[in-house]
Amino acid sequence: ASINYTYIIYVIGVITILYASFSTLRTIDIKELIAYSSVSHAAVYLIGAFSNTIQGIEGSIALGLAHGFVSSGLFICAGGILYDRSSTRLITYYRGMAQIMPIFSVLFFILALGNSGTPLTLNFIGEFMSLYGVFERMPILGVLASTSIVFSAAYTIFMYNRIVFGGSYSIYFRENIGDVTRREFIMLLVFVILTVLFGIYPAPILDGLHYSVSYLIYNIN
C-alpha cells in the first residue's frame with residue numbers, strides 16, 4: 001500500500017510543507033511559530049519515510065528524533081521560561097534578551113540552529129537524508145520539498161533575532177529577573193548536547209537503524 005500511494009503522500013507532504021511554512025512566516029505568537037514549524041518538519045520526515053529508500057527512511061527516523069529534542073527545548077524556552085517571566089507569547093513584545101539573559105540566549109541560539117537544519121546538528125542529518133530519498137524517487141517534488149530548508153531558516157532567524165536582539169530589553173521584563181535557573185539550564189543543556197552530539201557523530205543512530213531498514217526495503221522490493 002505504501003508503494004501504491006507514494007506519490008499521493010508526496011503531494012500531500014509538499015503541500016503541507018508550503019502551507020505550514022507560509023503560516024509560520026506570518027505568525028507573531030512564539031508558541032504558534034514553533035508548532036507550525038513542527039508541522040513542516042513532520043511533513044519532511046513523512047515523505048522521507050514514504051520514499052522507500054534506505055537513506056530516506058533512516059533520515060526520517062533521525063529527523064523525528066532530532067525534532068523531539070529541538071522542539072521540546074524550544075517549547076521550554078517559549079512557555080517554561082519566556083512566558084513565565086513576561087506573561088505574553090507575542091514576539092513583537094520581546095527584544096534585548098541577550099542583555100539580561102545571556103545563558104538563555106546561547107542555549108536558545110543552538111536550539112534555533114537545530115530547528116533551521118544547520119550542519120553539525122542531528123536535524124541537518126535527518127533532513128538531508130530524507131530529502132535525498134525523495135530526490136531519488138521524484139526530483140521535482142524533491143526540489144519543492146527542499147524549500148522547507150529556506151523557510152525554516154527564515155522564520156527561525158526572525159524569531160531569534162527579534163527576541164534576543166533588537167535594542168533595549170522589553171518593558172515586559174525587569175533588569176533583575178535573572179537568567180535561567182539551574183533546573184531550566186539542565187533541561188535545555190540535555191537537549192542541546194543530544195542535538196549537537198548526534199549531529200557530529202550520528203553513527204550510533206544510523207548504524208542501529210541500518211539492518212532493520214535494509215530488511216524492510218528488501219521485503220518491499
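Placement of Cβ uses the backbone N, Cα and C atoms for every residue, glycine included.
Pulled from Swiss-Prot:
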- 5-25: transmembrane segment (TRANSMEM)
- 34-54: transmembrane segment (TRANSMEM)
- 61-81: transmembrane segment (TRANSMEM)
- 100-120: transmembrane segment (TRANSMEM)
- 140-160: transmembrane segment (TRANSMEM)
- 185-205: transmembrane segment (TRANSMEM)
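Sequence-distant residue pairs (6 or more apart) of the transmembrane segment (34-54) and the transmembrane segment (140-160) include at least 3 whose Cβ atoms are under 8 Å, placing the two stretches in contact. Using a Cβ-Cβ cut-off under 8 Å and counting only residues 6 or more beyond its ends in the same chain, the transmembrane segment (100-120) has close neighbours at 34, 37, 66, 69-71, 73-74, 77, 81, 127, 149, 152-153, 156-157, 159-160, 163-164, 169, 173, 175, 177, 179-180, 184-185, 188-189, 191-192, 195-196, 199-200.
Listed by sequence, the residues of this chain that lie at least six past the ends of the transmembrane segment (185-205) yet keep a Cβ under 8 A from its Cβ atoms are 61-62, 65-66, 69-70, 72-73, 76-77, 80, 103-104, 107-108, 110-111, 114, 119-125.
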